[in-house]
Structure formats: C-alpha cells, structure tokens
C-alpha cells in the first residue's frame, strides 16, 4: 500500500538523556526515523532534551524542540504545532510512557492527533503485565507462573472522579475559557500525584504479600512500564521480597509489579521481528544470551544468531514470536520478544515483549545491516515490506527478505562499578551496564576474543583472572564454584579460569548453568592457550593463521609466550598472515552489496587464498577513530563529534572512513560514513585497516581527537607506523597531559595554576602532599572522566587513596609481573602514569571554555560558567552558556588566555580549557587539545556545528573558511537566549552508594534547558533531568557557616513563593536573626524524630544542604540517600539553590513556554 496522504506532519518523541537501560541506541533509531519521514515529504516535529544527540541537530527535523520530555511540556508542543500524528516507538520507554500519558490526559483527542507505529491498546497490552499474560494464554503460549500486585480498583475510582469533573466543565464552558479550566484541572490532578501514588503503593503491597504462597521464593519481580528492569530484581528471602516490591511499585508509572516464579538457570533467547499492516512478518535476527536467565539481557553477553537451537526449536520460537505480535496488535514496525527455555525438558515460556524499537533492535540492525528503525518508520506511514527496498543491497532485494548471516556476532556489556564504591557487582534482572561492545567473526571464538579486546578494560583476550577467596586446599573448589555460579561482569573469565585450574566442563555447566556448547568453545580456547604456553608460537603460516582465526590478538599471543606484541606482529607479517575484510550485506553474499560495512577475519578458504571484499577506493580519504563502548566519562558526546567529522569530510569531498565497535551509536550506522569498519579499537586492528586502505588512493590522515581517550591512546602506535595524524600533533596532546612540560608552558605564557606537584611513587606522593598541604586534589594522569580523582582532606584519607584506590588502576600485565608485591605494582604503574596533585581551591567558580583553532586563528565558541563550585567534575556540573555572573573584563581575560594556549599548543581543531576563578585570579586547571563532552551543548546553543568546522580545519581548511561553510560566524557572548546543561545520574540503580558529587565523574548523560530567561532555562534543565521541582510545600535547609549568608537569597525567594522552612539548630538561629521564620528539626545524629524521618514521611519537598568536614559528610549520607529514594530535589551549592528557587518562582507564575531550536537562530 502506498504511503498515507491524509497525514502532513508527524511528532517524534525522543528518549531524552542517556541513562542505564536507555542509551545511544535511541539516537540511532530516532535519527533514522527523522530522515526516513522527511525523505517521504512529511513535516517532522521532534522533542528531545538531550543536546548530545544527532537527532536534535537543527537540520534533521523541521521543528526541533530541545525541551523536557514530560506529558505537560509535550502537550504544549502539540498545542503549538498541531501535528496530525505521533510516532512513539523511537524513543524507548520514555516515549511510550509519555505518549500513553498524553492519551490518558485527553491531549491527543483534544488536538485530533493519531498515534502511529503502535496503537495505545497494543502498548498497554504489551507493557501491562496482567494484559500481556492474558494475551499469551489466548494464543496458547505459556508464561511463567505469576501473580500481579497493583491498585487498579482504587486507581479506576480516582480516574472516574477526575473524568466526571472534566465532563462537568465541558458541559458548562467552551472555547478559551474551557481550555483554561481543563488546564487548571490537570494541574490540580498532577499536584496530587505524590499522595495518590503512596495510597496505590500501600494497597498493592498488601496484595503482593499473598504472592509468596502462590509463586514461592526465589521470585522474580518485574515492574510494568519501566525500562532496563528498573525497580525489578530477584528476591531470595522475605525481606528482599518486600524491599524490591516497594521499589518496583514506586518505579512503575502504573504502580504495578508482576511477581513471577523463578526460571533462574534457564536459557534465554530474543527474536527481533518486523510486521507490516498487510500482516507480512519477518524475523530480522535471533539473539541468544550466554548468561542464563536471572541476568538482564542488557547485562548479558549475547550472540547472534542463536547458536544452540535445533532447527525445530528455532521454527517453534519464530512462529511463537510472530503470533505474539499478531495478538498484541503491533500492526507496523519492529518488536522484540523474549523467551526462556528449560534445558532439562525444553519447556518454552514467553517472558516479555517490547512493542517498539529497543536496545536489541539496534544490536540486530548492526548485526545484520537491516535498518530496523528506518523500515519501522516507513511502515508506520502505510508502506508494506515488499514495497520498500533494502538499502544495503542497493535495492537488489526488498525489505521483505529476511536477513541471513554467515558470521557470528558477540556483544559484551561494559560496567562502571569502580565509579560507585559500595555498589554490588552481582548482576540481576535490573540492568547495571553503561555501554556495550560488539564484534564480528567467522566463528564464535574469533568474535568473542575480538569483543573482549574491544572492551578497553585492558584485556587482550580471555585473560587470566584471580578467583576471589581462592586458597590451595580443601575449600578451594568452593571458591571456584561460587565465582562461576555468581553472575558478575567477569563470570566468563572465571569460567575459563576454573577450567585452567582443572574443573571439568560438566562441573562448570552444573555450577554456572551456561550451555555446554559455549563451555566447550571456551575450553577449546583455554586448551589452545596451554599448547601455546608449552610449545611457543608456531613458525609457519598455516598454524599461525589458525590461531588468529580463533581470535587470538598479537598482544594475547605475546603474553602467552613472554614476547612483545611487536615481535608477534613482525612474525605474522613475515609469514604474510593478514586478515581479510568481509561485508555485512543482509544476504550472506547472495547479492552484491554496494554498502561498505565491513569486519575482519582470518578465515582460511578450502581452495586458494581468502578473498577480501574491502574493494578499496582510489579517492582521498580520512579515517575517523570512534570512541568504542560507552562508559562514564566517554559517551555519546564523542560519538556526536565523530559523526559530525564524517558529515563534514563528505561535504568537503573526502572519503570518510569510520572505525568503531559500539552497536548503539549513529557512527556505526551504515550511511553515516562512506566506509565503516566494525572493529575493536586496538593498535593491531586499526593498523591492519590502515594497510588495507593504503593499497589504493591517498590516506590523508587519521582523526584521533574526536573519540575521547580511546583513539588518543593509539596515536603513538599509528605515528610509529607512518600513518599521518590530522589536527593537533600527538606531541602537543602529550604536552598538555604531561605535568612537567605543561607547567613550563604556563610559566612561559605567564598563566597561573594552583600550587601542584607530581609523584612517581608512593613515597613521593606523601612528600608532595605534605608540601602542598590539605585539602588537595589528586588524580592519575592520562585518564578521562576524572577516573580515581579525589579531594583529599587528611593524611589518613591520602593513605587510603594510595593503598586502596590506586591498586584498582593497576593493569593485569603489571599484576602478573609482581604477583605478591602491591607496592611494586603501584610504583611500576606510577613510573609510567604518575599521580598529579593540585591545591584545592575552595569556593572557586569553575569555567569551561571550548575553542577552535587552525594553528594561527582562534575562535572561542563558548565560555560556560559552572553552577557547582570547582571540585565537582565538569561532566557532573550544571553550567550555563553564556555566563551569568562573570564580568566583561573576566570574560575578555579568559578569551585572551585561551587564545594564547591554543596558539602555543599549535591546536588544529578543537580545544577545551578548564579554569577556576578565586578572588579575582584565573587559574588554569587543565587543557585538553581535543574534542570535549561540551561540544554538542555549545553547538546547539550558539547555532554553529563546531565539530564539523573543526574536522574541516583538521583536513587543511582555514578556520574562517570552515566557519563560513556553515553560515555566519556566531557571537557566543551576546546570545538572546541562555542554555543550562544539567547532568543525569544512575544512583537509583546502585543502592547503598553515596550520591555526593566530587572530582570523579559519575553521570551517564545530560539534558539542556533553553530559554530567553535563566530561571526558566534552569527549570527546564531540572525537569529534563527528571527532577520534579515542587511548586509548594516545605524546604529543609542546613548549611555550613560560610554558606549561611549565601543561602539567604534562595530562602527568601522560596518563602515569598509560599514555602515553609525547616532547619537544623545553627541554621535556624541564623535565619531567625535575618527575620525568617523556620521550624527547628533534629540532625540524624541528634535523635528522633529527625530530618531523615521527615523526608521518608514526605513532609519535605526540597533540600538545601552543605557540609564542612569528612565526619559531617559521612553523617549526612543517609539523608542524601533518603532524598534520592523519595525523589526530593537536593541542592549542595548556594548557586544551585538560588537557581532552583528562581526556577520554582518562574514555574509557579506559569511562564514556561516552548520554542523550536530553529527559532532561536531565525
């Protein structure tokens, strides 16, 4: 059927900030959807609060709203834009839940907006655990034995009362008067939400208590309408049961949880299905989880296609997944269906389905080359699968052809437990990973070992690992059994280690429940390692190629034979053992593919030499190295820069070649670059690609400055291999990181920096610290995201840092060199990567400056003033652009210093400088002559694609010409609007972790608030980050002495807005002296009832709290945790408190308006 002509404009809801469970994959799907719908001539309206996304680039949609994704704000956008249709399936759970809220609020009916892609009834049936269970029973599919706990009866009664009030207003009023009355009614309803939610939770808890007798323990708890398993978990005892139920009911927007029988240890599979309105259904790909049931699929190591199913089992699962889509009513688009299979008797049960594009869809798209999101968007507007061409085969096949795979794909998740001391590393049904890596090989062994080295955690393959608690003797087996039986990020390596220590494959399976086929594959790798250790490296091509075909990296072979990777590479080259490149083409080479989407393999054909499908061009080419798997400190912002580099280089006439291994990102989409290599970012893998590309055409150079720390680490190896690096020279990047060289440069330029020192050993660290004095900031060199960076207040704290924190940074190869010498390990590490010490500047204002330079000319693109004081990592700080409080003289001086630094470092491209300003003096904290995570935020705010401009500069253009290619030169200091960037944190995923911020970065994502008024921009940034600013209630305030004057302004604004004030003793007395009436409440350590009780009883709606000593910080940890669990906004700086107070005042006045990004720049 042809596309619909009755629709002219379509609203797409994005996913918002990057959070655990919802990452870059929705930028990838949203970007594809925007392009697909614009291609068909529709007016596309987009809402997404995440500035670091490609989809929010102003050229992608016709109207781009970088506004908070809340039902109330999206309702304003609908009222303004009047779209004909709403597509909710491209923005994850956020978009689905927002769309359903808009439906329930009557907004879609009021403005006659049709939901396309998934009907509300289908979303409800898939996401509501009760309706889903009933639907599966109707088609004869089993679900695990379960029971629901919800508050449906009392919720229905509340809703009926609300609906009656709406009906009454509609009968009495009309026109603008009716609209205003309905809006007031909705506001009243929304203000009562917290109280209603508590009633619903209490009601549902009583029902849940009965489930233990029905389902038994252990039980799996799954909240409705949440993503990434938020709020869910596995309860092994009654106290865990009630704790998880409480959290799950709170997390579920519908206050409902499913309590399910345990299927722990069963095999888990997923089917990625696409259906059109003519009922054509295709399976894009099957995915198998190596980890058995009990671990969230986002935290599992997975393979595609499924490798341990018989054809009969596969066909049964295929038919079942199609039946699920038909029954649920997913008429158009992609869905993901999850199954569990009991390995003992083959019993198949359906776990759940996602009626939308998901994380697994992104993986399936990258694994097969099939653009699920693009196809789903076109199906939503009326096309059928047979009417759409498959882009990958250049239209040789229609989209109705099921993809076929002649390779194995492995995905491994990346975790960040080191950022959250106290968090449990045990994996459950609630997702905890922050990123993932994907690798492709001709065999499972090859793709697994490629994925392991692509993780960038220091692994070179299936490296050895220490078994926790292992000691020779009687109890040794128990430690091994516990290690392989407990799901943790390192379990696969523990399994390999158990087999190295003599455990049989049967015993490993019995304890880990991992399928015997995968265990046999791991055993083959372990056995081969033993042979290599015993016999050394083979000296002939055939046997060396066989090892490489199993996925062994040069670095792994070197470590097994006590050689250096360089020696292995030299042997390999002398024997001409080189990889070939194969194409991902959706059709297993049945049709020629014009799309250059490639992976490397060392396969040996039966006859002749292995054939490479790289088909290298003779054009001028530039290679862009991506950022690898997402992690805290290196995420979507760097992928945005890499994508912009590819777009700009294509504009400038170069062939853009991308190398990356992250399946979530836009950079690994088949049409972002001219050629894509889906490969690990290691020196060996990248150099092999360079050699292939150098066979024809001219390799102009490589861009290493856009992908974060990952590609920068490869710069030296690339240079040694004669590969030109574009932009700032690696030596200058090193100068900025090398404390001694950098200090000399600052002295030469007459720029100030805090009193500092450098330590190459534990002893030297103690001496340097005593010279500088406390408090001081310590950090390792050459790290991103403030890894292991701390503020040290005392000798004791320094001792803990040196002996507990630093050992966690020691790589495996050094540990193996000094197995029993902890100090030797630390000193070896510090000899190469010394510790950097700086005097900590208390109460200083921190400033981030982004700039562009072509070696001679400098353009300062943004001066951002942090709302948090210096000492909190810049990635975790809220900041405003333009600056709010800095004088013209200070801004002029910041520009002068930045220009001097850029010229001295001969920067070619982007540069970021961090400054602290204290008592009128500007101190340089650090300089990064590369892309920073603020680049997308600055670009969106000033209306200039600075990463594109930088890429053109790096390829040889002059700065002014590169700027002119994208319009007029902006004036970042004189904008008519103000933007606020706010960070988003994953603390709710890690119970027991303190939420206090410091110099080590812990945020996963960010949002932007954009307005002509600072208070409203800040309000939008808070709403976008999920902070629900109260409009009324009680504020609790307890601040240290030096903040008492500073807090007055915020408290006065809140009192004027009708807030009551609660305060601890000293703060209450001070406020009374200033004429502010505050009620006294006990600190936690002063006896009950205290402030934590008041927060847990929901008597406090806002908290302003600062502490001045280590003891006070630890004393107030439970208070901070309580605010997090009760979702109470919590501010720890006076600037933040005042901004929040101004925002609340503006929201109360009803001033929040929405504007598309394009309108800020005419």
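Positions of Cβ are set from backbone N, Cα and C atoms, glycine also.
Copied from Swiss-Prot, the annotated features are:
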- 129, 222, 228, 229, 261, 263, 268, 294, 295, 296, 338, 352: ATP 1 binding site (BINDING)
- 338, 352: Mg(2+) 1 binding site (BINDING)
- 338, 352: Mn(2+) 1 binding site (BINDING)
- 352, 354: Mg(2+) 2 binding site (BINDING)
- 352, 354: Mn(2+) 2 binding site (BINDING)
- 779, 839, 841, 846, 871, 872, 873, 874, 914, 926: ATP 2 binding site (BINDING)
- 914, 926: Mn(2+) 3 binding site (BINDING)
- 914, 926: Mg(2+) 3 binding site (BINDING)
- 926, 928: Mn(2+) 4 binding site (BINDING)
- 926, 928: Mg(2+) 4 binding site (BINDING)
- 743-955: domain 'ATP-grasp 2' (DOMAIN)
- 1027-1162: domain 'MGS-like' (DOMAIN)
- 1-456: region 'Carboxyphosphate synthetic domain' (REGION)
- 457-614: region 'Oligomerization domain' (REGION)
- 615-1026: region 'Carbamoyl phosphate synthetic domain' (REGION)
- 1027-1162: region 'Allosteric domain' (REGION)
Taking the residues 779, 839, 841, 846, 871, 872, 873, 874, 914, 926, which the record names as binding ATP 2, find the longest CA to CA distance and state it in Å to the nearest whole number.
18
Write down the Cα-Cα distance for residue 354 (Mg(2+) 2 binding site) and residue 779 (ATP 2 binding site), rounded and given in Å.
43
When a 10 Å sphere is centred on the Cβ of residue 914 (ATP 2 binding site), how many other Cβ atoms does it contain?
20
Anything within 10 Å of residue 295 (ATP 1 binding site)? Look among the binding-site residues 841, 873, 914, comparing CA atoms, and list what you find.
none
Reported as an integer number of Å, what is the Cα distance between residue 928 (Mn(2+) 4 binding site) and residue 338 (ATP 1 binding site)?
44
Taking each of 129, 228, 352, 354, 926 in turn, which of these binding-site residues have a Cα lying within 10 angstroms of the Cα of residue 914 (ATP 2 binding site)?
926
Check the DSSP secondary structure of residue 129 (ATP 1 binding site), expressed as helix, strand or coil.
helix
Tell me, how many other CB atoms lie within 10 A of the CB of residue 871 (ATP 2 binding site), whichever protein chain they belong to?
19
Residues in the domain 'MGS-like' (1027-1162) per DSSP class, helix first, strand next, coil last, are 69 helix, 19 strand, 48 coil
Quick check for the class: what is the C-alpha distance, in angstrom and rounded, between residue 338 (ATP 1 binding site) and residue 352 (Mg(2+) 1 binding site)?
5
For residue 354 (Mg(2+) 2 binding site), the one of 129, 261, 841, 873, 926 that lies nearest, given that the binding-site residues are compared by Cα:
129
Quick one: Cα separation, residue 352 (Mg(2+) 1 binding site) versus residue 228 (ATP 1 binding site), in Å?
12
Summarise the model confidence on the region 'Oligomerization domain' (457-614) as a single mean pLDDT, whole number.
93
